[in-house]
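Listed features, source Swiss-Prot:
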- CYS93: active site, nucleophile (ACT_SITE)
- HIS149: active site (ACT_SITE)
- ASP55, ASP56, CYS93, ASP297, ASN298: Ca(2+) binding site (BINDING)
- LYS147, HIS239, LYS315: substrate binding site (BINDING)
- ASN276: N-linked glycosylation site (CARBOHYD)
- ASN288: N-linked glycosylation site (CARBOHYD)
- ASN466: N-linked glycosylation site (CARBOHYD)
- ASN496: N-linked glycosylation site (CARBOHYD)
- CYS93: 3-oxoalanine (Cys) (MOD_RES)
- 510-539: region 'Disordered' (REGION)
- 1-23: signal peptide (SIGNAL)
Amino acid sequence: MHTLTGFSLVSLLSFGYLSWDWAKPSFVADGPGEAGEQPSAAPPQPPHIIFILTDDQGYHDVGYHGSDIETPTLDRLAAKGVKLENYYIQPICTPSRSQLLTGRYQIHTGLQHSIIRPQQPNCLPLDQVTLPQKLQEAGYSTHMVGKWHLGFYRKECLPTRRGFDTFLGSLTGNVDYYTYDNCDGPGVCGFDLHEGENVAWGLSGQYSTMLYAQRASHILASHSPQRPLFLYVAFQAVHTPLQSPREYLYRYRTMGNVARRKYAAMVTCMDEAVRNITWALKRYGFYNNSVIIFSSDNGGQTFSGGSNWPLRGRKGTYWEGGVRGLGFVHSPLLKRKQRTSRALMHITDWYPTLVGLAGGTTSAADGLDGYDVWPAISEGRASPRTEILHNIDPLYNHAQHGSLEGGFGIWNTAVQAAIRVGEWKLLTGDPGYGDWIPPQTLATFPGSWWNLERMASVRQAVWLFNISADPYEREDLAGQRPDVVRTLLARLAEYNRTAIPVRYPAENPRAHPDFNGGAWGPWASDEEEEEEEGRARSFSRGRRKKKCKICKLRSFFRKLNTRLMSQRI
């Protein structure tokens, strides 16, 4: 029997990842698609859909992109499936998740600016039908495990009210991997692990990556393969704080940079969690009729161990390092496997693609910005997508050298925006930190980093690149091709005319966890008017006793440091 790297068989059994009969050679495979794979058969329809989303995993942080981080499961799944090498996501958490579940650009959900913060009376628009709701209509059982980060101020915003039959995970964007505490400012700390619509106090102490993989396996064990399943696993990994079980840290003990060492350990732990989920798919009879999709949610945070090398930029930016995603599809149902696809794709495309796979339908009335790209993925056909609106953020419009005049009277180039049309990519305003940063493998002083190349400060607000010829964004062609600049600025203006107002309300003190028994959760009543959202009101509800003041203080400064490094995120 093969050795299980990082997990002993006993630990896997104790955590519930394996049952004893999994230890038999007939069920333990070297990896997905290898020994132990079930024989091919005509699959029933519709397929089971397993969507795995990772958090802050950089473009370079997977083995098949030449990383120094071990990801054998992801490498094997991708090698036997279809690698998506022209696939785009959003630069930060909430926007990617909202576009995945609605199939709409940020300008069409009102979530153009930043993320949904824990104390904001904001959530995924309640009038929009989500992907899991469409799949429920098609007869699917829908389950979510992991990070939500799409708002929770009202109960109607919760995952179980937005299309998921079950939910286990966190509602906010950043929690401790063991205690599930999250601080959103000095003294504004609370517990954030929920099962359904209840606080899951009893699960505290379990490392989230292992807990979420265990729950995903349990869902598979208790579900009939005869009923179509949608399983959305949104790992917290590898977002900060950088925490990992000790056994994973040990294998990277020679890595000089402490942040990179911890980050690498977290990635490898997540890789093995994916392996356990894949085993469960085979063990319980789902695999032959399953489509497994793997995607990152945004670029890696280079100041916290991540790497997007050789792409330019990082998380929170509109350079390629912030928006080009890690992605692949693995499935016995693919007609052309073991290949790389360079068809243009975007995270909004999963909505119509998966609804189509499920036997459902979409129409122009749905207002989708995504396309059905299954023929491009499965058969290698051309993508129906020819352009991507990365975003228009009208609230971030203070680029010093931008102006309407600088945009030929077509577009105010002080506004942060980015668009891809064909092979051309245009950025305006302030795209964010734009250096090329190699993996941080060398030892550094705390809070510092090193660059192979550093861009000098430039006085401009418009950039143009031929991404097909220059994927690393080294040669700005804005001065040489004003005709293309004009065309793309006009396209931005066209998109902007369809945008709805930005929804970014002020934080509400009523959201404080102390008014909710010590946990983050819904605080607004269903009947409240929007103008009341943001008013400060005092509550007299009982407070949860603070168990560890120094822990909360450390958590706050850890989050504060991350925010400072992330610039606006």
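Here the Cβ of each residue, glycine as well, is placed from N, Cα and C on the backbone.
Taking the features listed in Swiss-Prot, we show where each one sits on the structure.
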| residue | record | Cβ within 10 Å |
| --- | --- | --- |
| ASP55 | Ca(2+) binding site | 25 |
| CYS93 | active site, nucleophile | 25 |
| LYS147 | substrate binding site | 28 |
| HIS149 | active site | 28 |
| ASN276 | N-linked glycosylation site | 23 |
| ASN288 | N-linked glycosylation site | 21 |
| ASN298 | Ca(2+) binding site | 33 |
| LYS315 | substrate binding site | 31 |
| ASN466 | N-linked glycosylation site | 16 |
| ASN496 | N-linked glycosylation site | 16 |
Quiz item: Near ASP297 (Ca(2+) binding site), which of the recorded positions CYS93, LYS147, ASN276 can be found within 10 Å, Cα to Cα?
Solution: CYS93
Practice problem: From the recorded positions ASP55, ASN276, ASN466, pick the residue whose C-alpha lies nearest to the C-alpha of HIS239 (substrate binding site). | Solution: ASP55
Self-check item: Candidates ASP56, ASP297: member of the binding-site residues with the richest Cβ shell (10 Å)
Solution: ASP297
Self-check item: Those recorded positions, out of CYS93, LYS315, ASN466, ASN496, that come within 10 angstroms of the residue listed as 'active site' at the Cα
Solution: CYS93
Quiz item: Quick one: which of these recorded positions, LYS147, ASN276, ASN288, LYS315, ASN466, have their CA within 10 A of ASP56 (Ca(2+) binding site)?
Solution: LYS315
Exercise. Taking Cα atoms as reference points, rank the recorded positions CYS93, ASN288, ASN466, ASN496 by distance from LYS315 (substrate binding site) and give the first.
Key: CYS93
Self-check item: Between ASN276 (N-linked glycosylation site) and LYS147 (substrate binding site): CA-CA distance (Å)
Solution: 19
Quiz item: Which glycosylation sites from the set ASN276, ASN288, ASN466, ASN496 come within 10 angstroms of ASP55 (Ca(2+) binding site), judged by C-alpha positions?
Solution: none
Quiz item: So which other residues, same chain and not among LYS147, HIS239, LYS315, have a Cβ within 8 Å of the centroid of the Cβ atoms at the substrate site?
Solution: ASP55, ASP56, CYS93, GLY173, ASN174, GLN236, VAL238, THR240, ASP297, ASN298, GLN301
Self-check item: Per DSSP, three-state class assigned to ASP297 (Ca(2+) binding site)
Solution: coil
Quiz item: Which of the recorded positions CYS93, ASN276, ASN288, ASN466, ASN496 has its Cα closest in space to the Cα of ASN298 (Ca(2+) binding site)?
Solution: CYS93
Quiz item: Measuring Cα to Cα, how many angstrom lie between ASN466 (N-linked glycosylation site) and ASN276 (N-linked glycosylation site)?
Solution: 41
Quiz prompt | C-alpha spacing of the residue listed as 'active site, nucleophile' relative to ASN496 (N-linked glycosylation site), in angstrom | solution = 22
Quiz prompt | Neighbour tally for HIS239 (substrate binding site), based on other Cβ positions within 10 Å of its Cβ | solution = 26
Practice problem: Looking only at C-alpha atoms, tell me how far the residue listed as 'active site, nucleophile' is from ASN276 (N-linked glycosylation site), rounded to the nearest Å. | Solution: 25
Quiz item: What does DSSP call LYS147 (substrate binding site) in the simple three-state scheme?
Solution: strand
